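Colleague: Structure provided below as structure tokens; questions to follow.
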Amino acid sequence: MELLKQKIKEKGEQVRALKAQKADQSLVDAEVAAIVELKKQLNGITGEDNKNKNKILLKVPKGTRDYNEIEMAIREKVFSTIISVFKRHGAVTIDTPVFELREILTGKYGEESKLIYNLEDQGGELCSLRYDLTVPFARFLAMNGTQSIKRYQIAKVYRRDQPAMTKGRMREFYQCDFDIAGNFDPMIPDSEVIKIMIECLTELDIGKFTIKVNHRKILDGIFEICGVPEEKIRPISSAVDKLDKSPWKDVRDEMTNEKGLDPIVADRIGEYVKLKGGKDLLEKLYQDQKLCANKNAKGGLEDLVLLFKYLEVFEVLDMISFDLSLARGLDYYTGIIYEAITEHSGPPTLEDGTKVERKLKKDSDEFDETTIGVGSIAAGGRYDKLVGTLVGRTNSDIPCVGVSIGVERVFSILLQKYKPEQVKANEVEVYVIAVGDGLLEDRMKVCAELWNAGIKAEFMYKAKPKLQPQFSTCDRYQIPFAVIIGKDELDIGQVRIKDMRSKEQGGGGGSSVKRSDMITELKLRLGKV
């Protein structure tokens, strides 16, 4: 037994050494598997297997989490706020299956395709859990022949990521998507989608944020004039997209060492992708004759001129940053792309494990370790070719543009903002309290009357509850009003209504009203009339 323990210890040291050396993952996995086998042998000797074989390990699967009632109250507020904005702009909602045929999802996400969660063969169909809500939406359009729709969808998506909650990698999380599909004049729907994103984030009250904007055609034009081979454009674009959280040196190394780009070409790209600004940058790029001679880049610049014009009409242009480092890693984007970032500071690891990102020091490639932000909280763009790709005919393309609100990151920000005692987890408006003999059936009758009138109400599930626990329940759950009944009041057809938010203490206080006027008086106080 001691020999087995020694072997386990030695293997553990080998695993740590391999990780420190950044050895191939297969070598690490092999050593970990050996440790597992040794532990099984040890358990067989000590009898631990017999002790534990009937025990169930109570935990959620890796990469997932539970939410308590306080957290869910905040999340429901987030969802309702977002939905109200979506509906304000005329959107309808749809629903799609949580899994799709694998061939629908394959090849749509570039390097991210490796994270698709494949399922086992069932009845001759190969399926995968949805990676996002965009590709299923495109499939919905293609299948139903829908040529024009303004839709939203809020649902869970899945990533076959190696779960690491401390680094924000989750296997299951929500996306809140808004999309406009159809043939319209350039940049009109795009500008409204950005306006919707700003309205959502403003009404969620997450603090100061900025919308970064770029255009895939401008990026492609930059890559072309800098000398990037066509087959490397998307991989290089994916590397550029990491500039928000990695210094240029690391991004350049990825381009040259990992993706085989000529260092001279990488340096040319660097002269462009470090640029950011507003209308001033747009004007500067228009002065670049080589860039404007490129068809892709010229088309992208023309789109941005229109976009900035419409955003100015919507009075949100001051929240926009034209950022040439923004690339968005997914392959299906074809035009305008954007993301919202916040400088909300917080701990390196948020309570739900959301990944945090370090900010670069101004005019430097070094990180400012004193400032921590949660990074992108919403993102999207135009994807005009995705429907046609699914159908297999370019003449079946349906232009689309959309945005996804990062509800998990928004939730992380709001979770830090609110103290638990400030959050009302239930929506109960009235608590029915008995003074004296319990009056269970009378309390039940009053509650039934309140429910029938559309008032949210509760009572204590005891035949003869003491008075103080009933009042304590109101305090604990922040119930604003109490209807207090006693035998004397009931005999003369009256009840007492007490505002539990007032300074009055104990069982006294409140105002007596006729039982027949109780509903009217409560609705008046609750603002329901």
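In case you wondered, yes, glycine gets a Cβ from its N, Cα and C as well.
Keep in mind that TrEMBL annotations are predicted by a computer and have not been checked by a curator.
According to TrEMBL:
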- Asp132, Leu133, Thr134, Arg159, Gln175, Asp179, Arg328, Tyr332, Tyr333: L-histidine binding site (BINDING)
- 1-56: domain 'WHEP-TRS' (DOMAIN)
- 63-416: domain 'Aminoacyl-transfer RNA synthetases class-II family profile' (DOMAIN)
Colleague: Whose Cβ, among the binding-site residues Thr134, Gln175, has more other Cβ atoms within 10 Å than any of the rest?
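Modeller: In terms of Cβ crowding, the pick is Thr134.
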Colleague: Hey, what's the Cβ neighbour count for Asp132 (L-histidine binding site) at 10 Å?
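Modeller: Asp132 (L-histidine binding site): 20 neighbouring Cβ atoms within 10 Å.
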Colleague: So if I measure Cβ to Cβ from Tyr333 (L-histidine binding site) and keep only same-chain residues at least 6 apart in sequence, which ones fall under 8 Å?
Modeller: Arg216, Gly381, Arg382, Tyr383
Colleague: For a quick check of packing: other C-beta atoms within 10 Å of the C-beta of Arg328 (L-histidine binding site), how many?
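Modeller: 22, counting other Cβ atoms within 10 Å of Arg328 (L-histidine binding site).
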